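Below you'll find the structure, written out as C-alpha cells, and then a few comments.
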Amino acid sequence: MSNKLIVTPSPHVKDSVTTQSIMGNVVLALAPAMVASVLIFGVRALLILITCVVSCVAAEYLFEMVCKKPNTTKDLSAVVTGVILAMNLPSSLPLWMAAVGSIVAIVVVKQLFGGIGQNFANPAITARVVLLISFTQPMTKWVSPNFGTAAFDAMGGATPLAVMKNAGETLPSLTEMLLGFHGGSLGETCSIALLIGGLYLIAKKIISPIIPASFIATVFVLTAVLGQNPIYHILGGGLFLGAFFMATDYVTSPVTDKGKLIFGIGCGVITVLIRLFANYPEGVSFAILLMNIITPHIDNLTRNKAFGGAY
Amino acid sequence: MGKRLKILTNGIIKENPVLVLLLGTCPTLATTSMAINGLGMGVAATVVLMCSNLAISLLKKIIPDKVRIPCYIVVIAGFVTVVQFLVKAFAQDLDKALGIFLPLIVVNCIILGRAEMFASKNGPVDSVLDGLGMGLGFTLALTLIGSVREILGAGTWMSGTPFMVDLTGILSTPMSIFTLAPGGFFVFGCMIALINKLTKGKAIKKKEFGCANCPNASSCGAAKGGC
C-alpha cells in the first residue's frame with residue numbers, strides 16, 4: 001500500500017519546471033547563435049559544436065559510471081556546457097583540443113566538485129580559460145568568415161577588439177558587427193542571434209535580466225567614459241554570449257537581486273579593465289570567472305533579512 | 001633492525017611529508033615545473049634534513065625547551081647556507097632555477113616539523129634515518145609531480161640533464177598550463193588523491209595530530225566539543 005501522506009519540510013508547492021526543461025530552453029535559446037555560427041564559419045563550426053557536445057556528454061556519463069554515481073546525462077546540463085564551450089572556441093581549433101576542453105569542463109570543474117549544482121565556477125568558461133592559457137596560439141587564431149564554403153580562409157581575421165587595441169586594420173561596419181561577419185569565436189560574432197536567445201530566456205523567466213543588463217550597461221558606460229567607441233565594445237567580443245548565457249548560470253551567480261546587480265557591475269568593470277589596460281584583447285571570460293569565485297561572498301553580504309528574524 | 005628500517009621507509013609512502021602530512025607545500029608547488037628542479041630541490045632538502053636532524057638530536061639535552069624553535073632555526077639555517085653555497089658552486093643552473101626557494105629551505109616546515117616531532121625525542125642514528133626517509137619521500141614526490149608537469153606541460157622529461165627524453169614528437173602541442181601555477185595545484189591534488197586511494201585513507205594515524213598539541217586548539221571548535 002503506497003503512502004498517500006508525505007511528511008516533508010517545505011517546499012510543498014511543486015512546479016513542472018525541471019532541470020531538464022530549463023536546460024532544454026537554454027539549448028533552444030542558443031539555437032539561433034548555433035545556426036549563425038555554422039552559416040558564418042562553415043562546416044568546421046558544426047564539427048566543433050558536435051565534438052564539444054559529444055565529449056561533454058560522454059565525459060559526464062563515463063565519470064559517473066566509474067564513480068558509481070547516478071547518471072545525470074539526461075538533465076541536458078552537459079549538452080548546455082558543450083554548446084557554450086563550443087561557442088567560445090575559434091572555428092580553426094583542432095578538434096582534440098575542443099575535446100580536452102570538454103573533459104576539463106565536465107570532469108575537473110563540474111564532477112570533481114560534486115556534479116551539477118556544486119561547481120564553484122562555470123564549467124564552460126573555466127575550460128575556455130584553461131584552453132586559452134594552454135594553447136594560446138591556436139586559441140587566438142581567428143578565422144575570417146567564409147560564408148558556408150567548406151574551404152577555410154587561412155588568413156587570420158583579427159577580432160574587432162584586437163583591431164581596436166592594435167589599430168592598423170579597418171573595423172567592420174556596424175551592420176557587419178550585428179550580423180557577425182567578422183573574426184571571432186563561433187558564438188560571439190552574431191550579436192543579433194545572441195540577443196534573440198537572451199531575450200527568449202528572459203521572456204521565459206529562465207534568467208533574470210539583472211545580470212545581463214548591468215553587465216552590458218557597465219561596459220557601455222565605462223568604455224564611453226574612457227573615450228572608446230561603446231557600441232563596438234558591447235557588440236565585439238564575447239560580451240553578449242557571456243552576459244546572457246554564462247554570467248547567468250544559476251550555480252555560480254548570486255541568488256538575490258542586489259547580489260546579481262553587484263555581480264553584473266563587477267563583471268563589467270573587470271571586463272573593461274582587461275580590455276583597455278591588460279595584455280589580452282578580451283576579458284569577458286576572466287571577468288566572469290573572477291566574479292564566480294567571489295559569488296559566495298556576495299551572497300553572504302546581500303542575504304535577505306528574514307521578517308522578524310534574529311539578524 | 002626492523003624498527004630502524006621502518007623509520008627509514010615511513011617517510012616514503014605511509015607518512016610522505018608532501019602527499020600525506022601536507023608539509024612543504026610551497027616549495028612543492030613552486031619548484032616542480034620541471035622534473036630536474038623537483039629532484040634538485042628534494043636532494044638539497046634531504047641533505048639539510050639529515051644534517052639538522054643529527055645535530056638537533058645530539059643537542060636535544062642542551063637546548064632549553066622554551067627557546068627550542070629559534071635554536072632549531074639557527075641549526076637549520078647553518079646547514080642551508082652550506083648547501084646553498086655548494087649548489088651555487090657546483091650546479092649553477094639548478095641554483096638559477098630554484099632561486100629564492102633554495103635559501104627558503106630554512107623555513108621549510110618538513111625540516112622544522114621533523115626536528116620538533118622526531119629529532120628532539122630520538123637518538124642520533126634514528127634521527128638521521130628519519131631525515132633520510134622523509135627526504136626520500138619529499139624527493140620522490142617532487143620528482144614525480146615535476147615529471148608529470150614537465151611531460152604534459154612541455155613535452156620533455158628531465159630536460160637540462162644528459163638523460164633528457166624528448167616527447168615533443170608524440171605530444172606535439174603540450175598543455176602549457178601544467179607548467180604554470182594552476183597545473184601545479186592540479187597535479188598536486190591528483191597525487192594526494194592517488195595516495196589516499198592507494199592507502200585507503202589510512203596513511204596517517206589521527207592521534208599523532210591530535211588537538212592537544214595544536215596551537216589553535218583554544219580557538220577552534222574541537223575544544224568546545226565541536227568537530
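Residue numbering: from 1, along the chain as shown.
Every residue gets a Cβ built from N, Cα and C, even glycine.
Residues or ranges marked as transmembrane segment in TrEMBL: A:20-41, A:46-63, A:83-108, A:120-137, A:179-202, A:209-226, A:232-252, A:261-278. For A:Thr159, the entry in TrEMBL reads FMN phosphoryl threonine.
Most Cβ pairs under 8 Å to the transmembrane segment (A:120-137), among the stretches A:20-41, A:179-202, A:209-226, A:232-252, A:261-278, belong to A:232-252. Using a 10 Å Cβ-Cβ cutoff, the residue listed as 'FMN phosphoryl threonine' registers 24 neighbours. Most Cβ pairs under 8 Å with the transmembrane segment (A:232-252) belong to A:179-202, among the candidate stretches A:179-202, A:209-226, A:261-278. Under the criterion of 3 or more C-beta pairs below 8 Å, with sequence separation of 6 or more, the transmembrane segment (A:179-202) and the transmembrane segment (A:20-41) qualify as touching. Long-range Cβ contacts of the transmembrane segment (A:20-41) within its own chain (Cβ-Cβ under 8 Å, at least 6 residues beyond either end) map to 49, 74-77, 79-80, 83-84, 87, 91, 143, 145-148, 180-181, 186-187, 189-190, 192-194, 196-198, 200-201, 204, 206, 241, 245. In the three-state DSSP reading, the residue listed as 'FMN phosphoryl threonine' counts as coil.
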